[in-house]
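> Pulled these from Swiss-Prot:
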- 518-530: compositional bias 'Basic and acidic residues' (COMPBIAS)
- Cys117-Cys286: disulfide bond (DISULFID)
- Cys194-Cys226: disulfide bond (DISULFID)
- Cys242-Cys255: disulfide bond (DISULFID)
- Cys304-Cys393: disulfide bond (DISULFID)
- Cys324-Cys384: disulfide bond (DISULFID)
- Cys435-Cys459: disulfide bond (DISULFID)
- Cys447-Cys471: disulfide bond (DISULFID)
- Cys452-Cys479: disulfide bond (DISULFID)
- Asn86: N-linked glycosylation site (CARBOHYD)
- 288-415: region 'DII' (REGION)
- 416-487: region 'DIII' (REGION)
- 1-48: signal peptide (SIGNAL)
- 49-483: topological domain 'Extracellular' (TOPO_DOM)
- 484-504: transmembrane segment (TRANSMEM)
Amino acid sequence: MICSIMGGLRSLRAARPYSHQSNTETKHMGLVGVASLLVLVADCTIFASGLSSSTRSRESQTLSASTSGNPFQANVEMKTFMERFNLTHHHQSGIYVDLGQDKEVDGTLYREPAGLCPIWGKHIELQQPDRPPYRNNFLEDVPTEKEYKQSGNPLPGGFNLNFVTPSGQRISPFPMELLEKNSNIKASTDLGRCAEFAFKTVAMDKNNKATKYRYPFVYDSKKRLCHILYVSMQLMEGKKYCSVKGEPPDLTWYCFKPRKSVTENHHLIYGSAYVGENPDAFISKCPNQALRGYRFGVWKKGRCLDYTELTDTVIERVESKAQCWVKTFENDGVASDQPHTYPLTSQASWNDWWPLHQSDQPHSGGVGRNYGFYYVDTTGEGKCALSDQVPDCLVSDSAAVSYTAAGSLSEETPNFIIPSNPSVTPPTPETALQCTADKFPDSFGACDVQACKRQKTSCVGGQIQSTSVDCTADEQNECGSNTALIAGLAVGGVLLLALLGGGCYFAKRLDRNKGVQAAHHEHEFQSDRGARKKRPSDLMQEAEPSFWDEAEENIEQDGETHVMVEGDY
């Protein structure tokens, strides 16, 4: 479909490192993709979003299942608040690796990032050599042909698109000060403006016709810069296919992988261009911040079971809340669209940039072990409970912090996120849970006759408090004889850990996938993913062969690669 561009068009060319070069030389000095004519065009209002029902999961995990009597679902305000944590419904794509959609370019299907929520703190860690000209920064420009010839293998540079306008203004990174002033950008937040800018940028095919393929973005909230990434790949591992710090030698690609860090890059936010399709939606639809003072839980048997009570939960020891946040993103069960197998030709030439669709490549739809919380156990040790169960209720714990794989480490709303209406204060985890006793009376769940407990949910100090209390006298007659040994665990409005008593919970927990007893997962936090068992999909995909000019024959060398932008940027 050809996009009808409205407004002034600007012809752009690939970035040049030297302004004095001749026209002939600059044709070879631009982005190596010059020959491919895969370029960008500003999207116009009639341009379809390209969200394909065949490639994007539309089926969300239902929050209302087994929620009879759940006060977090009965109250409209609370139900709306809890639904934002349903990443299957609101994000609809991979998180660790997001390649959730397929788009056709020149008769071939390619995969693109497609998630609808920003991924806070996500960055790509490069394993280039620790020597010039390598900088191990994925936000560096993609390499020019000249830069590659000077460095040799592995490739230098990073993933950033390096096109410029005739006036010399770079397309990426683009200053937020300019996006704020631009009438084409309607978003109300800095992050939304960057996402919208990415959504208005699409690839062109070899005939200079607009496609529907869009590129991911990274917003740097510290520098207020919007990066458009020309490389959609997010993970490449294995010494047969890529090198780590130059070993093994002579491989075209260096290895790289998505990361979140305990101490660094919290100001970077990775997202697909589709966050910008409705650039203000993420403010209320996505779990952008961590939730302080509560454990995620699932409503069953008339009470809220936090993740430590679910049989398929993974529990690991951590030294800090930040490590639990990292684990929520990097654990082996998190939603990922990474393909299952490596192509045999991945090192045949230096041309792997766009992910190529293959039949064995998964579309996770956002389903995965995307949820977790930090808590302190009865011995005083910090623990991280990880689950694939979408939370539909909360258990009070003043020492706990609940995380999602998409959200930030921050327990407050970042100051650069502003509401659509400036007169309205942006919601925080605290204000979102406010209640009044007259409108939120005490409610009780059904009696769990095994534990002889029922859940009491009430409004205390303007906050929802969920605690476990004894069943009524009549209900206690139906409880087992050992009730006294496992009851009475609610202290000061905080539900303690050992609701099932002792260590029997972990002794009985089974690994859902293998059907055998599961380990307690009490090992120390490991920052090196290579020391752990990789998920089956931790493999690369074949990518666009036409990025490098040598991959195509009979490439037209007349004229430059063009970028068309609606209006002035």
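Glycine is treated like the rest: Cβ placed from N, Cα and C.
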> If you measure from the Cα of Cys452 (disulfide bond), which of the disulfide-bonded residues Cys194, Cys255, Cys286, Cys393 is the nearest?
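Sorting the disulfide-bonded residues by distance from Cys452 (disulfide bond), the top entry is Cys393.
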> Just to verify a number: CA distance, Cys324 (disulfide bond) to Cys255 (disulfide bond), in angstrom, no decimals.
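That comes out at 25 Å between the alpha carbons.
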> Taking Cα atoms as reference points, which of the disulfide-bonded residues Cys194, Cys226, Cys286, Cys447, Cys479 is nearest to Cys304 (disulfide bond)?
Cys447
> Could you measure between Cys117 (disulfide bond) and Cys447 (disulfide bond) for me? Cα positions, answer in whole angstrom.
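Cys447 (disulfide bond) has its Cα 38 Å from the Cα of Cys117 (disulfide bond).
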> Near Cys286 (disulfide bond), which of the recorded positions Asn86, Cys242, Cys255, Cys384, Cys447, Cys471 can be found within 10 Å, Cα to Cα?
Asn86
> Which three-state DSSP class does Cys324 (disulfide bond) fall into?
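SS state of Cys324 (disulfide bond) = helix.
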> My understanding is the cutoff is Cβ-Cβ under 8 Å with a sequence separation of 6 or more in the same chain; which residues meet that for Cys194 (disulfide bond)?
Phe174, Met176, Leu179, Phe217, Tyr219, Cys226, Gly276
> Quick check for you: of the disulfide-bonded residues Cys242, Cys255, Cys447, Cys471, which have their Cα within 10 Å of the Cα of Cys479 (disulfide bond)?
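For Cys479 (disulfide bond), the disulfide-bonded residues whose Cα atoms are within 10 Å come to Cys447, Cys471.
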